[in-house]
Structure formats: C-alpha cells, structure tokens
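J.: Pulled from TrEMBL, these are the listed features:
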- K69: active site, proton acceptor (ACT_SITE)
- S17, K18, S19, T65, N90, D106, Y216, Q244: shikimate binding site (BINDING)
- D81, G128, A129, G130, G131, A132, N152, R153, T154, P155, L156, K157, I214, G237: NADP(+) binding site (BINDING)
- 9-92: domain 'Shikimate dehydrogenase substrate binding N-terminal' (DOMAIN)
- 118-172: domain 'Quinate/shikimate 5-dehydrogenase/glutamyl-tRNA reductase' (DOMAIN)
- 237-260: domain 'SDH C-terminal' (DOMAIN)
Amino acid sequence: MTNTPYAEVIGDPIAHSKSPLIHGFWLEKLGLAGDYRATHVVADDLADFFARRSADPDWRGCNITVPHKVAALDHVPDPGDVRGMIGAANTVFRGEDGALIATNTDAAGFLSPIADLDLAGQPVVVVGAGGAARAVLFALARSNVGRVTLLNRTPLKGAALLAKFGLKGDALPLTARLPEAALLVNTSVLGMTGHDPLDLDLTPLPAEAVVYDIVYAPLETPLLKAARARDLETVDGLEMLIGQAAVAFELFFGAAPPREHDGELRARLLA
Ligand code: ATR
C-alpha cells in the first residue's frame with residue numbers, strides 16, 4: 001500500500017504562511033492525491049527534521065521560510081549552486097535517486113510574470129540589497145540584463161551584490177535620481193505594511209517601463225500606485241509568490257500547477 005505523498009513549509013513562526021493555501025488549491029484543482037501542510041520547526045530541531053523526513057518515502061520535500069533559509073543548506077547533501085550564489089534555499093526536494101537537493105525558486109518565480117519581456121541588454125533598477133535582492137539579481141544576471149542601478153539605504157551592500165553577480169552598474173542611495181530603465185523592481189521592505197513607503201520619482205522611466213514590487217502585503221503599494229498613476233505596466237508581489245510556488249509544486253508533485261486558475265487563487269489569497 002502506498003501512502004499519500006506530502007510536502008510542507010517549515011519556519012518559525014509559520015502560521016502566517018500562504019504556501020499551504022496555494023499548494024492545497026493546486027492539488028485540489030488537479031485532483032492529485034497529495035498533501036501540503038505548515039510545520040513549525042525551531043532552529044534547534046532543523047537537523048532532526050531533515051533526518052526524519054529524508055527517511056520518510058512519502059515526503060516529497062519542503063519550502064523553507066524565515067529563519068531557516070540559510071541554515072537548511074547545512075542539512076542537505078546537494079546545495080547546488082544555491083549556496084555560493086543566492087546563499088539561501090527556499091525549497092528542498094528529492095532528486096531522481098531520492099537524495100535531497102536544495103534550490104531557490106524565488107529567482108524563477110520572480111521571472112515568471114515578466115517572461116515575455118526581453119531583458120537582454122536592458123537597463124534595470126533594483127531597490128534593496130537583502131536576501132530577496134539576491135534571488136532577483138541572480139535571475140537578472142541569468143537574463144543578461146544591461147546596466148543595473150541598485151538603490152539601497154546602504155549603497156555599499158548594493159555594490160557588493162553587483163560585483164558578486166557580475167553585473168555592471170552603480171550602487172546608489174535611495175535618494176538618487178532614477179535612470180531610464182526598462183524595469184524597476186522593489187525587493188526592499190519599503191512599502192510593506194508597518195514600513196515606510198518607497199518614495200521614488202518615477203518621472204525618468206519611459207512609458208513602456210514595467211514597475212515590479214515583490215511586496216504583497218499590501219497588494220497595492222505606494223510604489224505600484226505611483227506607477228499606475230503614470231500608466232506604467234505593473235507586477236505585484238502575489239505574482240512572484242505564486243510563481244515561486246509553481247516551480248516548487250512541480251518539483252514536489254511532478255505535475256505543472258493549473259495556472260489558468262490564478263484569478264481564483266489570487267482571490268482566495270486576498271480573502
Ligand atoms: P529580505 O531577506 O526579505 O530581502 P533583508 O535581508 O532584511 O530582507 O533586506 C531588507 C532590505 O530592506 C534591505 O535592502 C534593507 O536595506 P539595508 O541593506 O540598508 O539594510 C532594506 N530596508 C530595511 N529597512 C529599511 C528602512 N527603514 N529604510 C530603508 N531600507 C530599509
């Protein structure tokens with residue numbers, strides 16, 4: 001008899017995670033026998049968690065959230081190029097031989113809503129230099145973007161990331177005037193509920209520029225409001241959240257999620 005395959009999201013705290021809703025929605029739509037749950041794991045139990053789960057043949061893997069994204073790499077035999085480049089994993093799954101592999105689906109999830117944009121050689125603005133910025137810069141470097149203007153409260157951190165990802169450009173303070181750019185991405189906490197808004201003068205952006213905010217609480221950030229007021233195309237943080245989950249879902253359950261239901265999924269996430 002085979003038992004129900006399952007995956008989960010681990011973190012501390014974990015109650016706020018949207019991942020069970022997203023993966024559960026897709027499992028239900030596909031009629032797949034599978035389960036996806038949220039599991040509270042504290043740092044001291046992380047090694048034990050991976051040891052127990054890797055011995056469970058029904059376990060397909062997990063998503064990883066704060067504060068385990070870096071530490072998880074120590075408990076997985078194959079951290080891929082995640083350790084050296086992004087430095088943090090948000091997904092652990094089983095390879096064909098069953099061994100655990102760490103990856104970070106934020107980079108592909110970030111690109112998925114802008115897959116039709118040809119970014120090669122295009123100038124881009126990135127705001128922020130934290131963990132989320134690393135996944136975004138990794139994805140942008142893979143997309144062969146042109147110059148990157150990285151705006152951050154601490155420009156030195158931005159300069160270090162540009163160098164790390166082999167990107168040409170400038171690291172500047174948040175007060176710098178924007179250059180002309182095809183894409184502007186906010187990866188910082190600015191605009192998130194409880195934080196100051198990201199207050200940029202968008203005037204230098206051309207009419208065809210896309211403004212992308214990976215913040216999803218609130219969904220309409222002051223940055224996206226300002227972009228819409230200028231009739232610029234916008235991408236919100238729920239699109240990246242769903243995009244990164246979609247990559248992980250396929251790694252866990254071996255089926256592509258039914259993205260034609262994204263409208264219904266977004267409504268559920270916002271309810
Ligand atoms: P994450 O892993 O989610 O990206 P993080 O590593 O804490 O989170 O990074 C948060 C980002 O928001 C950083 O770019 C940070 O700027 P610094 O690199 O200067 O710390 C930025 N940030 C956080 N609080 C900020 C504030 N009050 N004003 C401006 N930027 C802020």
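Cβ from N, Cα, C; glycine included.
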J.: Which are the residues of the chain, S17, K18, S19, T65, N90, D106, Y216, Q244 excluded, whose CB is within 8 A of where the CB atoms of the shikimate site average out, their centroid?
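T.: Checked against the 8 Å cutoff, the neighbours are V9, N63, L241, A245.
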J.: Among the binding-site residues S19, N90, Q244, point out the residue whose Cβ has the most other Cβ atoms within 10 Å, with all shown protein chains included in the count.
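T.: Its Cβ has the most other Cβ atoms within 10 Å: N90.
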J.: Cα-Cα, whole number of Å: N90 (shikimate binding site) versus A129 (NADP(+) binding site)?
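T.: Rounded to a whole number, the Cα-Cα distance is 18 Å.
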J.: For the binding-site residues T65, N152, work out the Cβ neighbour count at 10 Å and name the residue with the minimum.
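T.: Comparing Cβ neighbours within 10 Å for the binding-site residues T65, N152, T65 has the fewest.
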J.: Given the binding-site residues D81, G131, T154, I214, tell me which ones have a C-alpha lying within 10 Å of the C-alpha of K18 (shikimate binding site).
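T.: Near K18 (shikimate binding site) by Cα: none of them.
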J.: For the binding-site residues listed here (A129, L156, I214), tell me which residue's CB has the most neighbouring CB atoms inside 10 Å.
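T.: Per the Cβ count within 10 Å, the most buried is I214.
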J.: Please list, in sequence order, the residues in the chain of the residue listed as 'active site, proton acceptor' that are at least six apart in sequence and whose C-beta is under 8 Å away from its C-beta.
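T.: In sequence order, the residues whose Cβ lies under 8 Å from that of the residue listed as 'active site, proton acceptor' (at least 6 apart) are A88, A89, N90, G131.
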J.: Of the binding-site residues listed here (D81, T154, L156), which is spatially closest to Q244 (shikimate binding site) when Cα positions are compared?
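T.: When the Cα distances are compared, D81 comes out closest.
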J.: For the shikimate binding site, please report the maximum Cα-Cα distance among S17, K18, S19, T65, N90, D106, Y216, Q244 in Å.
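T.: Taking every pair of listed residues, the largest Cα separation comes to 17 Å.
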J.: Suppose you look only at the domain 'SDH C-terminal' (237-260); what would the mean pLDDT be?
T.: 98
J.: Taking the binding-site residues one at a time (D81, D106), which has its Cβ surrounded by the most other Cβ atoms within 10 Å?
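T.: Its Cβ has the most other Cβ atoms within 10 Å: D106.
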